[in-house]
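Right, one structure below, let's go through it.
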Amino acid sequence: MEGGSNRYDGKLDFTYKNNPISIAQMKEWEDATWAAGIEEEPVMRRAGKAVAEVAEKVTKEGDSILVLAGKGKNGGDAIYAAEYIKERNVTLVKITDAQASIKDIDEFGGECIIDGLFGIGLNRPMEGGWKGLTEAINKKTYLNPNLEVVAVDTPSGLDGDSGEALGGLAVKATITVTFGAIKKGMLSESAKPWVGSIIAAEEVGLLPYPFK
Ligand SMILES: NC(=O)C1=CN([C@@H]2O[C@H](COP(=O)(O)OP(=O)(O)OC[C@H]3O[C@@H](n4cnc5c(N)ncnc54)[C@H](OP(=O)(O)O)[C@@H]3O)[C@@H](O)[C@H]2O)[C@H](O)CC1
Ligand SMILES: [K+]
């Protein structure tokens, strides 16, 4: 943070303990957690709470926050984030028709967008309405450099292994709140335009970090 400002300074937050991991390792860790009998819902809840805390940090009371929740668990985390954010005007958009939701972004005039479109489940470049949503977010950032864009786990569109935007397009986040451990691609040069500051929310209720 810079003196007197709510904004992060765009530098990587190096406070993480767990080493960066691949997406396959993240999935392995997740699967081991469920296999140990830990339920998914409380983990998503804690992930959402971590995002909410960051969104509160970079906004002030009365600010408006648009929460975009996609169709998978990344969207699930975003829905919990919306639930936990206090003293802000929160609008939650659960995206069922991506094309139709573009107008929700175009019409938004507030201070922060939470990107819960896609996380590590992204498996191909975004197209159609999803591409349109991402372009609409990035256009808002371009028009309003003070807009905070908080990515849930990864900026939507980013391949967490390579750090490349699939199809050349991802959400341009100002902050990425990633769960468990930083995804290794996020540290690459190619990820820099998309990830912003990285915050590792390491304690979301998974089994202890299983890698060296
Ligand atoms: N890692 C953890 O410990 C935890 C992670 N959590 C969060 O869960 C997401 C990953 O969630 P998942 O449901 O697996 O995937 P996504 O939400 O990223 O994506 C949902 C589905 O979207 C489809 N998909 C993929 N690419 C595209 C695309 N380009 N266009 C349209 N649709 C796409 C894909 O399904 P398909 O069947 O269509 O292929 C995805 O499955 C992780 O990032 C965290 O945020 C949990 O909180 C638990 C802890
Ligand atoms: K995301």
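Just so it is clear, glycine is given a Cβ too, placed from its N, Cα and C backbone atoms.
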Same-site residue for (6S)-NADPHX (record: TrEMBL; known: Lys73, Asn74, Gly75, Gly76, Asp77, Gly119, Ile120, Gly121, Leu122, Asn123, Arg124, Pro125; options: Asp97, Asp153, Asp159): Asp153
Per TrEMBL, Asn74, Ser156 bind K(+); matching candidate in Asp31, Asp115: Asp115
In sequence order, those binding-site residues of Asp115, Leu122, Ser156 whose CB lies under 6 Å from ligand 1: Leu122
Additional residues surrounding K(+), by Cβ distance to the Asn74, Asp115, Ser156 centre under 8 Å: Leu68, Gly70, Gly75, Ala78, Gly116, Leu117, Phe118, Gly119, Ala151, Val152, Asp153, Thr154, Pro155, Val171
Rounded mean pLDDT for the residues that make up the domain 'YjeF N-terminal' (26-206): 97
Asp77 ((6S)-NADPHX binding site) to Asp115 (K(+) binding site) - Cα separation in whole Å: 10
From binding-site residues Asn74, Asp115, Ser156, the one whose Cα lies nearest Leu122 ((6S)-NADPHX binding site): Ser156
